[in-house]
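Enquirer: The following block contains the structure, expressed as structure tokens.
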Amino acid sequence: MVEAPTLFSNPIKTLYLFSIVLFNYAKDTVQYLSKFWHIIGFLTLVVIAPRFVEGEHSGLVRQADEIAYFMLYWLVLGIMSSVGLGTGLHTFVLYLGPHIAKTTIQAYECNALPLFVPSKYATQYVECPKESTGITMFDIMRQVYFETVLFGIGTAIGELPPYFVARAAALANKKLEELDEVLEKKDENSFMHRMKLLIYNKLQKNAFLTVMLCASIPNPLFDLAGITCGHFLISFWTFFGATVLGKAFIKMHIQLPMTVFVFSQEPVKALLSLIQKYIPFIYQFLSDLLDKQRQQLRDPSLFKEGTKPLLAQLWDYFIVLMIGFFMISIVNSLVAQYVTEQEQEKKKKKKDPSEDRKANKKVKSS
């Protein structure tokens, strides 16, 4: 078995093979899309043409672009959440959670809700409104509700690959190691294996309800649910509908109020008082950081445009490193898959000597 190169062991060869993989994917994509060229051409004309012709519609086009960017931003983050940036790290902790927390803190500091600006609202603050209107927890939840649901739908989309892989394997009469492992170790008494066996059995009896319950809670075994549904050829809409319902409308409705409550004014004050009492050397740093954020919310002109606190800069660097690691893992895995496929093709081309002898005998007898 030939060992596949990586970006660390042999970067030049890895990049060369990766370029071949990309070319093959691009060629297959073009061949597939060419079947629908008339539909794609029409949609492209409808989307692009209004941008080159100025008129009364231009404002609506810009507004549509902002909303599309906003929706795509949170959908993609939801998909990445299921992938975990290649490390199992949930992007709720990286993006949606901090976004809800910042919106909550800002609302209490401004005593009003921030204005909805899709192009900016996804990634950064807007200024405090001039008039204070008063806010409640439900006002804040309503303000961030749309992106929370979009994020949940994105996580549901990110759970589809295991389902499709298992479905394709079932249609091709291939076995899956994950399911074989569950069935071979029926007598194992560990908690994790008992949960796997329970999910496997319940999915065969009531797939929709089981998938919905698995999707409604943080569940490291959800991939098994997708694999099992695909293996038993359970309807796509049954699996995807239950996943969307569980992740976007049940799980997110648990996470959203909890996050808003934790970062509301009273819990934050209680937390700071505890830190002051038990960890006084950290209290001063956090207190100064919050004061600085409050001042920036009240009067953004006090700070230069583009400046960020040191903690925020370090957090940005951490995100960049995580995304970099994720991209490296994708390149390495695609190259490894390509090398494996090439090896399998070489083995198929090599004929078995016994088969050659049988073929020669048939020729002579004829």
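Placement of Cβ uses the backbone N, Cα and C atoms for every residue, glycine included.
Curation plays no part in TrEMBL annotations; they are all automatic predictions.
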Enquirer: If I go by TrEMBL, the feature transmembrane segment sits on one of 6-24, 139-157, 158-176, 253-271. Which?
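Expert: Checking TrEMBL against the ranges 6-24, 139-157, 158-176, 253-271, the transmembrane segment one is 6-24.
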Enquirer: In the same chain, who gets a Cβ under 8 Å from the transmembrane segment (36-53) while lying at least 6 residues past its ends?
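Expert: Beyond its ends, the transmembrane segment (36-53) has Cβ neighbours at 61.
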